[in-house]
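Here's the structure, in structure tokens; my notes come after.
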């Protein structure tokens, strides 16, 4: 089917669904779509993710959510029961094999986990476990549950997850391709994610509201806000076209408080601007702030400082939720206790700043205005390349380098745009590649970088970028020599 941003007809969706469900044997358990609808109708409102976000947004509260997932059902339930004591929203992180649709290898990982008595996978293989087993998860917990993964083709995973009672689904055809895959075409990943969004749209038509969350941080490595904003807005538009009504747009912390506050503010405003300009009115919008996604200090005390700083900024920025980290981040997958420690530190900070929203100031206003100019310049070109079709325009924009995600593995990503920190730690553009930023905006970025270069007594270079990538793990924000 030719790629375009048009709602998939129910007949075409059901025809494609027939083939999707045959890609692994557990697909047969969701053949009766009405069974999934009836099961979702039994989920209490208190466990609906979209409802929790809507209420938090209305009340100006920032919710907390960790990342977590292990190979076996009972162990996963035990892990989440431990975490739900300290969080508002629960995750289920999916293993790496499932993300690549390598279900045979996921099955081997399950067996090895059983034999070893500990998880040998870095997440829960939902497709392999199937609906019946996964419903035990949603029935055993009291908080709303979201699937978090990194899957370019997440169609079967979405089918099983929704029929199992999960009420939020993270990802998108760009954000779960460009940072995660190497040789998956954007045409395929965007089209496959249109299926996921249409699935959620069909649930919506049956009165079941399921939240969709594009993955904001992308590669998590010095991402300028305008880059992640553009991707989030595009994926939001694609989701809304397929009938999704609850959208959470995300952003990964960069560490400079002014830029981070401005990013959350501008993200919400720009999303509304583009959604409404494209004719979408009846939707619920929320935001998610991801605590620092780059390298962490090995020392736990320093790691707690990074975590707490992220929580404080998320709260003061007015994000609807914050995705937390753990003090074991530098070492890999955290224990349940370490994950809980990160949550408790975050919650303490969220509670302390709850009544302390960041005050209006000229610096934030200037940064908001700059981000908006950058996003509009990119989005205008994307729409121009697609002749008004955002799906086609996105593919062509990546081909032309108009959309370019720093440090991404995907071959369909140019990788020519290079970011760098300025003298205050904000992310600026060192080399724009083919990204069509206005000349005066590029001059502004050049001047920001020149100020830092003068301070450090060195010429801006790729070495400075490397220093910035490693800086937080070395207990600073800017990669000073």
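Cβ coordinates come from backbone N, Cα and C, glycine included.
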Co-listed L-glutamate-binding residue [Swiss-Prot; alongside 67, 148, 149, 170, 176, 180] among 99, 102, 209: 99
Shell of the L-glutamate site beyond 67, 99, 148, 149, 170, 176, 180, same chain only (C-beta within 8 angstroms of their C-beta centre): 93, 94, 147, 150, 151, 171, 215
Rounded Cα separation (Å) that holds between residue 296 (adenosylcob(III)alamin binding site) and residue 67 (L-glutamate binding site): 16
Site diameter for L-glutamate, Å, by largest Cα distance between 67, 99, 148, 149, 170, 176, 180: 17
Largest CA-to-CA spread of adenosylcob(III)alamin binders 69, 122, 179, 296, 325, 329, 333, angstrom: 20
Within 10 angstroms of residue 148 (L-glutamate binding site), Cα basis - binding-site residues out of 122, 179, 325, 329, 333: none
Spatial neighbours of residue 67 (L-glutamate binding site), counting only the binding-site residues 122, 179, 325, 329 and Cα distances within 10 Å: 325
Nearest of the binding-site residues (99, 149, 176) to residue 325 (adenosylcob(III)alamin binding site) - Cα to Cα: 149
Proximal but sequence-remote residues of the same chain as residue 170 (L-glutamate binding site) (Cβ under 8 Å, at least 6 apart): 146, 147, 148, 149, 212, 213, 214, 215
